[in-house]
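Listed in TrEMBL:
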- 8-118: domain 'Acyl-CoA dehydrogenase/oxidase N-terminal' (DOMAIN)
- 122-210: domain 'Acyl-CoA oxidase/dehydrogenase middle' (DOMAIN)
- 228-378: domain 'Acyl-CoA dehydrogenase/oxidase C-terminal' (DOMAIN)
Ligand SMILES: Cc1cc2nc3c(=O)[nH]c(=O)nc-3n(C[C@H](O)[C@H](O)[C@H](O)COP(=O)(O)OP(=O)(O)OC[C@H]3O[C@@H](n4cnc5c(N)ncnc54)[C@H](O)[C@@H]3O)c2cc1C
């Protein structure tokens, strides 16, 4: 069994690395840090110019038809560098869902523009009272002649401030089981009645609450069947979970900091406890990477990595939290110096990472929800009430 990605994929990885050396500049990082949006338009468009937003898509749909292994190499490189590609991730997962469930007209309108880097699509599932229980959505879409009128509120709609469309989950039927009365729409964000309000997180990222007041939506914006939104959502949620986690760059930065004998912080490579903890982190980093490779492989070869994606999401999110806590533990008070402080260790990247890591076990499905999926779907255990 070969756990490597092969010469062709490694050559592509080198191409992606060279691209990031050129385009992922300190200016881009500073822009992202200030805005809190894990998206940068010039970088996004440069990725699109290379054809990499749809690198793994079949050529007949506008992709490059790259192999699953090449795709993995690209995703690993983007993750390792912490490239701000959330806009790319969300847009392409919706594009893939539209490819599977949208009308011909919607595909023609949305997919080429998504691949060309012209548009972003945000995800409007979560509501203030529902949280993880997305099936309890109360944002209503009511029939009005040929179209629909939407009223309600969503929370944590990340990148709503930049997006051209929202992939919106609505309630269209209250007479049936809650997950059977949902419908998804692809709504242009400039439709009258949509209001976006920022939420700043502990990690500095921006997300939003979005209010919908008498928003008129044509029926042509519907994705999938009326009351068939749950099936559409399941396709999209699976794509959201199947990512790649590669924290090896952070690990290397920490090892480098520990090797720096002249540093003021307390993580010294001469301390056996420090070496022991670094070794444990290295194992976590490797396991997260391999679990990610597995789910990515299943998806890229036409499968649906439900349980595998949950295992990867869960392990990666929780190991990242452990990692960031150990980092600050080892570095001591000097590790708390923030970005902008000339004496900050690794330019303040570690303390920034510590604040960022806490959201990892929440977004894209919380850790408890992932454990339920593994227990119920993976092991066939009884459903929790
Ligand atoms: C920074 C950020 C960005 C996000 N971006 C988006 C986005 O772009 N679009 C979007 O739609 N959503 C987004 N989310 C929402 C996210 O994916 C989660 O679904 C949502 O945050 C969970 O709701 P909640 O925070 O209200 O927690 P709750 O669901 O209220 O959970 C509270 C606690 O109960 C646990 N819990 C909940 N349900 C169960 C269960 N069935 N079994 C066991 N334990 C359970 C949870 O694990 C958690 O510990 C984002 C969230 C964050 C924090």
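Keep in mind that glycine also has a Cβ here, set from the backbone N, Cα and C atoms.
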Could you count the residues of the domain 'Acyl-CoA dehydrogenase/oxidase N-terminal' (8-118) that DSSP puts in helix, in strand and in coil?
79 helix, 2 strand, 30 coil
Going by DSSP, how much of the domain 'Acyl-CoA oxidase/dehydrogenase middle' (122-210) is helix, how much is strand and how much is coil, in residues?
6 helix, 43 strand, 40 coil
Suppose you look only at the domain 'Acyl-CoA oxidase/dehydrogenase middle' (122-210); what would the mean pLDDT be?
96
